[in-house]
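What TrEMBL says about this protein:
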ACT_SITE  Asp11  active site, nucleophile
BINDING   Asp11, Asp13, Asp177  Mg(2+) binding site
Amino acid sequence: MSGPYTLISFDLDGTLVDTAGEIAEAANRTLAEFGVPRQDEAFVRGFIGAGTRQMMLRLMAHLLLRDPALAGRLRAERVLERLEVHYGQTVGTSARVYAGAHEALAGLRQAGLRLACVTNKEHRFALRVLQATGLAERLDVVIGGDTLARHKPDPLPLRQVMAQFGAEPHQTAHVGDSSIDVEAARAAGVQAWAVPWGYNAGQPIEAAGPHRIFHSLPEVAAHVLAPPRVAQAA
């Protein structure tokens, strides 16, 4: 399938921006308060993708499996409270925009497309990352993991954005780096596009079954903006 598209939605972490460093730093500052040694960024990266709270819960579960004695220290409610504080200090401080993101979004906006960021990151944190990286001004709307009653992989966020801009499913694509993104897009009936450089719990994105994989963000824009193919007469 090719356009005409009117709405393109993008995931944030691992798709538009690499935030693993600042997320890992917040997680490690939190763990340190509970007497847990620092974890490598590469290790923490494998738990990113469903929002910072889910990242921490997944990380805690793994640490507890590895060392059950930590159960006396790691109480989920308290750990998550402290994570909120520490991530509030690190968010947006070292986020790195992936190559071509600004150019791709600018080209799509100039062509008249509506652009959304649909992420499972908490809305206030997503805005801070987008503002710190200069991407906020490229987008028409940001839907966070706590904006609506349900988040990805539920199709509600994508359906909400489509309703807001009057876009039909066949006019819409969602670009992400994880199986959560692919599942959400397919459930919403839109094109599920993926990039291979993100997190996805360390698994190859091909296994998620996206409709298409792009190897750069400008490649996404070029595909969307390509003239429709004209069928040749027999």
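Here the Cβ of each residue, glycine as well, is placed from N, Cα and C on the backbone.
Automatic prediction, not curation, is the source of TrEMBL annotations.
Structure with TrEMBL features highlighted.
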residue: Asp11; record: active site, nucleophile; Cβ within 10 Å: 28
residue: Asp13; record: Mg(2+) binding site; Cβ within 10 Å: 28
residue: Asp177; record: Mg(2+) binding site; Cβ within 10 Å: 27
Message: In the three-state scheme derived from DSSP, which category covers Asp13 (Mg(2+) binding site)?
response: strand
Message: Same chain, not part of Asp11, Asp13, Asp177: whose C-beta falls within 8 angstroms of the C-beta centre of the Mg(2+) site? Give them in sequence order.
response: Leu12, Gly14, Thr15, Leu16, Gly49, Thr119, Gly176, Ser178, Asp181, Gly198, Tyr199
